[in-house]
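Accompanying notes for the structure given below.
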Amino acid sequence: MSLARYSLDNTKIIYFFLAVLLIGGITSFGKLGKKEDAPFVIKSAVIMTRYPGAEPAEVERLITEPISREIQSMSGVYKIKSESMYGLSKITFELQPSLSASSIPQKWDELRRKVLNIQPQLPSGASAPTVSDDFGDVFGIYYGLTADDGYTYEEMRNWAERIKTQVVTADGVMKVALFGTQTEVVNILISTHKLVGMGIDPKQLASLLQSQNQIINTGEIRAGEQQLRVTANGMYTTVDDIRNQVITTKAGQVKLGDIAVIEKGYMDPPSNIMHVNGKRAIGIGVSTDPQRDVVQTGKNVKAKLDELLPLMPVGLELQSLYLENEIANEANNGFIINLIESILIVIVIIMLVMGLRAGMLIGSSLIFSIGGTLLIMSFFGVGLNRTSLAGFIIAMGMLVDNAIVVTDNAQIAIARGVDRRKALIDGATGPQWGLLGATFIAICSFLPLYLAPSAVAEIVKPLFVVLAISLGLSWVLALTHT
């Protein structure tokens, strides 16, 4: 059956179809997830296991090798890299790049089960292995909390934690992390001469403090139907608890605070430090839901901050370092401007060459093609980002090709005196299969971007999806709307 003939016989259905494309496209544009870049999944995880006091060779034999053998039995393994250091085993685990993003969470669950299975075979002094797979978290909204010289890092961190607690409740926020924080430590300063004179072994003193600072489950007491847990709690909660720790020396038992200076401080040298415009700072990174509109999420975060910032004391300042929501908003606004410019250019050029009616007709087909593409993108879960917008820009020059061919054929037939209805039907039906073949070839030329088995392909896949939908719609609209 000819689509052109059906369109002329059922104009109301075609008008309804066009209205759905236009209204659905406008609605979808507001609801589609907007990001700066297309989301992608990092297919790597790190397994860390501590074994205090062990030599690298011992760590390799007792920790690294058993874990590596266990996880090698998983399917989809691409590469396993291990490092055995003093008291630490680090195993980097990579999955096959061709695995789909949807299957990765299941693979991480399987990896954790494998690691859990091997844990009873590890030495008693080794810590439980930890699996970290959150390297793909993208902190698209980033702030820096700066402070004048009168504030301590503890005061800065307290306010950073308050901001984190406030922001994490915003709709669309998945995770909030702090960067540049300083690790608090308790410094025990005692001279070597005093240690030797009192017969104190530094290693034994460190072991005593470490063994004392823990909670031990000593059993349970049953009283009828009640069950009471008994624990020995030796955890240090204040610096005074450490000062009051009793140790044994040649002269008898003394308090640690009587022979040493004990004070709170920060790790020196620091593991990381952050400055913003010359001021000490703590970074606050906000990771947003990739399926949500980052522009709206950014507004939600700002609303939460506006509730807390008036309470912040003088000397503390929260500065915006990177706001993905503003960048994505600018990109979307730029897309609207480019779309309007493209439509106007098409109308003007076609109007000069083929007449005003043809220019308006072909220009409107461009609008319906893009509107329909946005509508279908919402069903496929494809959001607006640099890659999908690039797909629209590439498609702009090809979306009008089918409509131009059909319109030109109809105009030539009408000029030759052919009946208007017959000219319209023949102008669309004659070249329809040739146009479909050309459209299919144009779509297939971008297919390698979609099928490429690599992590980069995840970023460029939206480009192919946009091109395939928009070019397919342009062919349908050329036979119906035009």
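Cβ atoms here come from the backbone N, Cα and C positions, even for glycine.
Note that the structure is predicted; figures quoted are calculated from it, not measured.
Residues annotated as transmembrane segment in TrEMBL: 12-30 (among others). Remote same-chain partners of the transmembrane segment (12-30), defined as residues 6 or more beyond its termini with a Cβ less than 8 Å from a stretch Cβ, comprise 367-368, 370-375, 377-378, 384, 473, 480-481.
Within the chain carrying the transmembrane segment (335-354), a Cβ under 8 angstroms from the stretch's Cβ atoms is held by residues 360, 362-363, 366-367, 370, 384, 389, 392-393, 396, 400, 404, 407-408, 411, all 6 or more beyond its ends. According to TrEMBL, the transmembrane segment annotation covers 335-354 (among others).
The annotation transmembrane segment is assigned in TrEMBL to 361-383 (among others). Tertiary proximity for the transmembrane segment (361-383) is limited to same-chain residues at least six positions away from its ends with a CB under 8 Å from its CB atoms, namely 18, 20-29, 31-35, 38-39, 290-291, 339, 342-344, 346-347, 350, 354, 392, 396, 399-400, 403-404, 407, 462, 465-466, 469-470, 473-474, 477-478, 481-482.
TrEMBL lists 389-412 (among others) with the feature transmembrane segment. Long-range contacts of the transmembrane segment (389-412) within the same chain, counting only residues at least 6 positions beyond its ends with a Cβ under 8 Å from a Cβ of the stretch, are 331-332, 335, 338-339, 342, 346, 350, 354-355, 358, 361-362, 365-366, 369-370, 373, 423-424, 426-428, 430-431, 435, 438-439, 442, 462-467, 470-471, 474-475, 477-479, 481-482.
Residues 96-98, 398, 401-402, 405-406, 460-461, 463-465, 467-468, 471-472, 474-475, 478 of the same chain lie 6+ residues outside the transmembrane segment (433-453) yet bring a C-beta within less than 8 angstroms of a C-beta in it. Summarising the annotation, TrEMBL assigns transmembrane segment to 433-453 (among others).
Within the same chain, residues 3-4, 7, 21, 37-38, 40, 365, 368-370, 372-373, 376-377, 380, 382-383, 385, 387-388, 390-392, 394-395, 398-403, 405-406, 428-429, 432, 435-436, 439, 442-443, 446-447, 449-450, 452 sit at least 6 positions outside the transmembrane segment (459-479) and bring their C-beta atoms closer than 8 Å to a C-beta of that stretch. According to TrEMBL, the feature transmembrane segment maps to 459-479 (among others).
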